[in-house]
Number of protein chains: 2
Amino acid sequence: MKPQLNETHDASLRSWVASANTGNTDFPLQNLPYGVFRRAGSDEQFRLGVAIGDQILDLAAARVAGIFSALENKEFDKAILGDKLNSLMSLAPAVWSQLRLALSRALRLGASAQAALQSCLLAQSEAEYALPAQIGDYTDFYTSIHHATAIGKLLRPDNPLLPNYKWVPIGYHGRSSSIAVSGQEFRRPLGQTMPPGASAPVFGPAKRMDYEMEIGIFIGNGNALGDAIPMQEAEQHVFGLCLLNDWSARDMQGWEYQPLGPFLAKNFASTISPWVVTIEALAPYRSAWSRDAADPQPLPYLESSDLRDSGAFDIALEVLLQTAAMRSSGTPPQRLSLSNFRHSYWTVSQLLTHHTVNGCNLRAGDLLGSGTQSGPQPEEAGSLMELTQGGKKTITLANGEQRLYLEDGDSIVMRGWASKDGAARIGFGEVLGTLLPARSE
Amino acid sequence: MKPQLNETHDASLRSWVASANTGNTDFPLQNLPYGVFRRAGSDEQFRLGVAIGDQILDLAAARVAGIFSALENKEFDKAILGDKLNSLMSLAPAVWSQLRLALSRALRLGASAQAALQSCLLAQSEAEYALPAQIGDYTDFYTSIHHATAIGKLLRPDNPLLPNYKWVPIGYHGRSSSIAVSGQEFRRPLGQTMPPGASAPVFGPAKRMDYEMEIGIFIGNGNALGDAIPMQEAEQHVFGLCLLNDWSARDMQGWEYQPLGPFLAKNFASTISPWVVTIEALAPYRSAWSRDAADPQPLPYLESSDLRDSGAFDIALEVLLQTAAMRSSGTPPQRLSLSNFRHSYWTVSQLLTHHTVNGCNLRAGDLLGSGTQSGPQPEEAGSLMELTQGGKKTITLANGEQRLYLEDGDSIVMRGWASKDGAARIGFGEVLGTLLPARSE
C-alpha cells in the first residue's frame, strides 16, 4: 500500500504564491514538505510550516483561517499546534493525505482561501528552523553497495564486501543528541587514532574529517514492541524523507570500530535538512530496485510484489564544498559529486521491515539514515574517503585550493531533487554544515 | 570531585520505617534510591519515589509535608512533581546531596517529620514501576576484559582481544525505545542467522538467546555539544546506577555484526531495575581500579589522580534463572553466576570522559551500559554464552532441567548489592525479565 498518484501530483497545477511556479524552485505546489520554523532571531515558539515557493505557510495560522475544518479534531489540532512534527507524524497516513489535499487546494491559483492565507506566510529568507521532530532513536544503514565496497577496500583490502552484505540490510544505532538542523557548526573532534606503524595510539584532533551524503527517513506512526512491520505496509509507517549529512572522522573510525562499530567517529554531529518531503509527494518518482541479476534474491520477509518495479526512489543527490576562502571571496559552493538514491541496494520498505522483524519498536519521529549514497561511478561517491581513495588522490578546486579531507572552515552543502517527464520537479532544499577548529586540548 | 562520606552514610543510622533496619534489606536509610511508581493496577500518573525498607516514600507528598522547604524553588518543584527523574537528574549535584540529606534526616528514627510522612508511604508490594527516566540515548560499553576475551575467543578464535581494547573504552549506541523496567516480557526475536556450513542464511526464531548482566549508568546534568567532560568532573554528571539486562540473540549477532556492530541481536528488549542508586550512596564502596601491571597506562585524558585508589565500585552482581517449570512448582530462582563491578577494565568516569572527548553531548536521563560484567573466573561470567562456552557445555539445574541458552518461559533475575566493614549493606533491588515464545511467522 504505497501512496498513489492523485490530483496533488498534477504537473500543471499552479499556486497563487508566484514563487512556487518558477519551474526551478524546490517547493512547487506538488511538493508541500513540512518543517518547523520561526522568525529568525526571535524567541517565538517554533511552529509547523509548509514550504511553498520561497515562502512558508504557518499551519497554526492556516488552521485559524479555516482551511482544515474538515479535518479538525483533538488529535489533529494537537498535531498542528505543536512545535515539532511528532504528533503529525503519529497520525494515520489517510490524515496526512487529507492534509496534503487541503493544502494543495488552498494554495492553488484561484483558491478562495488566498485572501485568508496571505497573512499566514513568512518568507523563507526571514525564517530560522529547528529539528523538525524530536528524534527518539537514530539508526544508520549502509545501503549503498558501491559505498560499502569502496570503504571496505580501504579498511579491509582482502575482504571488502562482507558475506552478510547481500542478505542483511546492515545498520547500526547512531546518536540522536548530536543531530541538528541545517546550519550546524561543530568543532573538529578530538580523540584517539592509531598512526600507521605506531605501537600506541595518539590523542588529538581528527585529521581525516569527512561527510556522508545520506537520505534521512522519518518514521510516522510506529509499531508496538514485539510487532513487526511487513513489507507491504512499510511505507504507511514512513512520514517522509530529508537530507542527512553523517559527518565522520575516518582516522578515529579506523581505530575504534572493531568489534562493535563506529562510535566517537560519528556521534559528534549529524546534520539534516529542515524540510521533510512526504512519501506521497514522492509518488511520481518511484524507480526500479537496483540489483544485479547475479545477486541473491532477498529472504521472503524482505520481498514484496512491487519491489522490483517501484521499490526505489529516483532522487538526485548533490554534494558541494565551500571553503572559508571561497566564502570570503563570495565564491559559491563547488560540486564534489552527484549521485542518486535509486542506486540503493536496499529499499526504504526493506529498511523498516528489517528493523522491526525482531520486534524492535519504531516511534514517530525516529530517524533512519540510508547510509552514504554512492553511485556505481567513482565520481558519484558520497564521501571524500571514496573520492580521494582513502586520502591518496588530491582534489583540486576551481580556485586552486586542494583537499584530501575537510579543513577547518569548510562548509558542505547537500541538495536533493526529483524530476521526471510529466511530473513537477520537487526538491529537498539543502543541508549545510560547517567544520570549526578543534577545541584547544 | 567525587561525593564524600558524610552523615548520610553512617552505618549506625536507623529509620522509623522499621523494615529499613533489618540488615538484609536492599533499602536501608543509607541507600535512598530513586524511582517512579504508582499504585499497581491504577491509572494514576506515575510519581517520584524513594525506596526505604519495604516502602516507597512519595516525594510529591513529602514535599507537601514540608521536608524540602529549604530546597524549594521553581526548578526543584518541577523536578519533584514530574513523572520521570529527568528534571531531578538535570539539577546540580549539590542539590541532589541536599535532597539526600533532607530525606535521611526526615526518615531517621525520632525525626519530627515522621507523623507527617507516615501517610506518604506506599508498600512496595502494592506498587508498580515505570522507566525511571525518559532515556534519550542509550550507549552500551564493553568494559569487562574477561567478557571481551571470552566472547572474542568464540567469535574470533585467532584474534580474541582486538588491539584497541586496552586503549579505547569500546562502546556503541544501543536502542532506547525497547528499554523497559523490570517485569518486561518480550517475544523471542525472529531474524536471519547463518547456520554453520550453509551457503545462505535462514529466517526464524533466534536459537541462542542470552542475557547480559550489566550496570546501567544514568547521566545527570549533561554537557553542551562540543564540550567535553574531564575525568575529575565526570562523576558530577552521573546521577546514579541501576541494574541492566541487555538481552542478546547470539546467533543473529554472529551473522549481522560485521562491520557496523550488533543491531537486531540486541534491540528487541533491554530491561533495567526500577531503582537508581545515587553515586553519593555508593561513596563507601569505592574500590581500586582493576588493571594488570603489564597493561598500558591510559592516555592522559583518561587519567585522574584518584583513578587507581578509588576509580571502581565494589558492587556484587548476581544472575538467577527461574524456568517455567520452576515457577509453576514454586521453586525460587537459581543462581547462575556471581560477579562484581570492581573487575571492570574501565571506570564510570572513564566512560563519560571518553564518550564526550569528541564533543558528543550527553543529556539528563541518557543511559550508559557497562557491558557484561564477567569476573576473572569462569563461574563469574555474566552471560550464558560464556557459562556454556558458546553453547557446548550444558548447565544442569537443581530440578534436573538443562540449559545451553534460554528457553521460552525462562525468567532471568539480576540482583546487585554493596557492602563493606563499617558501612551498611545497600542493594539495587532486582531486574526481572521473561522470554516469551516467538511471534508466529
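Cβ coordinates come from backbone N, Cα and C, glycine included.
Cβ neighbour count for B:His147 (active site, proton acceptor) (all protein chains, 10 Å cutoff from its Cβ): 29. In the three-state DSSP scheme, B:His147 (active site, proton acceptor) is classed as helix. Positions annotated as active site, proton acceptor by TrEMBL: B:His147.
Residue environment of B:Glu212 (Ca(2+) binding site) contains 29 other Cβ atoms, counted within 10 Å of its Cβ in all protein chains. The secondary structure of B:Glu212 (Ca(2+) binding site), as reduced to three states from DSSP, is coil rather than helix or strand. Annotation source TrEMBL lists Ca(2+) binding site at B:Asp140, B:Glu212, B:Glu214, B:Asp246.
Per TrEMBL, substrate binding site is recorded for B:Tyr142, B:Arg156, B:Gln253, B:Tyr257, B:Thr372. Less than 8 angstroms from the CB of B:Gln253 (substrate binding site) sit B:Pro262, B:Ala265, B:Lys266, each of them six or more residues away in the same chain.
The feature Mg(2+) binding site is assigned by TrEMBL to B:Asp246, B:Lys266, B:Ser270. Every protein chain shown contributes to the tally, and the Cβ of B:Lys266 (Mg(2+) binding site) ends up with 27 other Cβ atoms within 10 Å.
Model confidence over the domain 'Fumarylacetoacetase N-terminal' (B:30-132) stands at 97, taken as the mean pLDDT rounded to a whole number. Look at TrEMBL and you will find B:30-132 tagged as domain 'Fumarylacetoacetase N-terminal'.
For B:166-416, the entry in TrEMBL reads domain 'Fumarylacetoacetase-like C-terminal'.
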Collapsed DSSP category at B:Ser270 (Mg(2+) binding site): strand
Candidates from B:Tyr142, B:His147, B:Glu212, B:Gln253, B:Tyr257, B:Lys266 close to chain A, where recorded positions are judged by Cβ under 8 Å: B:Tyr142, B:Tyr257
Spatially closest candidate among B:Tyr142, B:His147, B:Tyr257, B:Ser270, B:Thr372, the listed recorded positions, to B:Glu212 (Ca(2+) binding site) (Cα to Cα): B:Thr372
Candidates B:Tyr142, B:His147, B:Tyr257, B:Thr372 (recorded positions) - the one closest to B:Asp246 (Ca(2+) binding site) by CA: B:Thr372
Nearest of the recorded positions (B:Asp140, B:His147, B:Glu214, B:Ser270) to B:Arg156 (substrate binding site), judged by Cα-Cα distance: B:His147
Top Cα neighbour of B:Tyr257 (substrate binding site) in the set of recorded positions B:Asp140, B:His147, B:Glu214, B:Ser270: B:Asp140
Candidates B:His147, B:Ser270, B:Thr372 (recorded positions) - the one closest to B:Glu214 (Ca(2+) binding site) by CA: B:Thr372
